[in-house]
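Colleague: First the structure, which I've put down as structure tokens, then a few questions once you've had a look.
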């Protein structure tokens, strides 16, 4: 909790002056009276260049490209390529994440080694590479004209880095399989945030699957608790961090949905969010003196340096595979691939790091993934039904 507030204070030292500047420019009606060399930058950051467009309401991503005259073999190859890319990126990322946060570096027969403790530095590493990749992609490919005020990305950025920090920190107190299942259960707070932030409505089957996920996660956690020799404080710390991760991540996705009402591509969103993520994390790290400390840790342990870089590469490549997969095959196929990835991640973690799962815990995992696949099936049926509606009828808007 102390580390969380220290990080938050670092972000506040950037957010508060930025907020005051934005309010100043708006009160001065700078869009009408401003001029000079700084005017384009201030206009882009504070006011944007276009009004909101009538974008698709569900709209986190543009409509996917339908295949034209493409052979079945080519489509199968594309699907395998996407699935392999997503699985390789995120399974490697998951294994490395657990290695970095739970194991020591530099251990010998006489020296137990030392653990890397600063999760915020790992968040910064991930974001700086994602920012670079997204920037290059935007520079080399044709993108829509950007219209959103840049400062609006800061909200999603702040919640995103806080959720990532909670995710890394939680591994100090809970097992990786527990974290994966907690991520699977985030559909519940996402629905709650959707009602609060975006005023969205949900079908009965969405509430049913959310309840099944909650039940499965509870079965896993309750069955696993007696086998862990940890203190109540440690267990409580892990639960608080997981709750923080889920809450912040739910806000991020809903705020990004709202931002997509401006004309922008997913890669432009990736670039805008990561610009502020780099600014917030590097500012906080410098204020705490943690940037040099983490750099010295990398210099002492070349294995950690390799793991941190590979972790960032996997994260950035994974994001690009996400955009490509949804563009080519749609959200349903992507969700199935990522659900399978979660199951493989639990299995891989148990095999590599020796986590034990009881029979009741295994049933809980099965209930969670059954509910996730049920959500995919129900959503795909709903989309097919909405396409068959007569022209006069309006289909139910879905998230």
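Cβ coordinates come from backbone N, Cα and C, glycine included.
A TrEMBL annotation is a machine prediction, not a hand-curated record.
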Colleague: Among 184-203, 204-223, indicate the range for which TrEMBL gives the feature transmembrane segment.
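Modeller: The range carrying the transmembrane segment annotation in TrEMBL is 204-223.
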Colleague: Does the transmembrane segment (331-354) reach the transmembrane segment (269-292), going by 3 or more CB pairs under 8 Å (6 or more apart in sequence)?
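Modeller: Result for the transmembrane segment (331-354) with the transmembrane segment (269-292) is no.
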